[in-house]
Amino acid sequence: MFSLALRARASGLTAQWGRHARNLHKTAVQNGAGGALFVHRDTPENNPDTPFDFTPENYERIEAIVRNYPEGHRAAAVLPVLDLAQRQNGWLPISAMNKVAEVLQVPPMRVYEVATFYTMYNRKPVGKYHIQVCTTTPCMLRDSDSILETLQRKLGIKVGETTPDKLFTLIEVECLGACVNAPMVQINDDYYEDLTPKDIEEIIDELRAGKVPKPGPRSGRFCCEPAGGLTSLTEPPKGPGFGVQAGL
């Protein structure tokens, strides 16, 4: 009787875990890296027949990239060649991934694995200006929420959306490595740091006007120097031998 009860309990736990595991899998598929699906689903704008090919100039760049690796290791170039495809096209449809696999002579799955792992690869179309707002702890403590709210209000979109004119895409990201200059955002390849809501509004206005705002801190400080100014290293360092006894 004890054995029957134990088996029944084990069966119930197994069924419960099975349901939980299925839900975890569903969540992971829905909320993969960058909020995108880990798996590919054909759409009218993203399928194996979506036109994509590298330009002649980029084919030359690919060969230059491949030469950085030992002979027979073309697969090592998957990351930079995917980046090249994204810079040419703005995002990575499945056809671009297939082209990368073809050019590097690797199975397509090897390219898919990389493209779905790294959040920097855009697997759906983005606007001309891809705005990535860091909301990890240091930025959050420096009020990154106000930056995100200002952007949503100014652009009229929510996180994960693109403006109707295809000019701006807004996403929320994890740490971008500029914690000392929090709060900050990355727009395309540029970092804008030490932001206030007024700063980010001005940046958007400049981009809309076709200008390129100056990257870096908006607070006036240089790079990541102390906010109150330098307290050490206030003059050029002395040369070799400084302070050494003359007799040595």
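Cβ coordinates come from backbone N, Cα and C, glycine included.
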Open item on the list: Need the matching range: Swiss-Prot marks region 'Disordered' on one of 149-168, 229-248, and I'd like to know which.
Closed with: 229-248
- [ ] Tell me the Cβ contacts of Cys179 ([2Fe-2S] cluster binding site) under 8 Å, same chain only and six or more apart in sequence, or just say none.
- [x] Thr136, Pro138, Cys139
- [ ] Starting from the Cβ of Tyr192 (phosphotyrosine), draw a 10 Å sphere and report how many other Cβ atoms land inside it.
- [x] 23
Task: Secondary-structure category, per DSSP, in which Tyr192 (phosphotyrosine) falls - done: strand
Task: For Cys134 ([2Fe-2S] cluster binding site), the three-state class that DSSP assigns - done: strand
- [ ] Compute the C-alpha separation of Cys134 ([2Fe-2S] cluster binding site) from Tyr192 (phosphotyrosine), stating it in Å without decimals.
- [x] 11
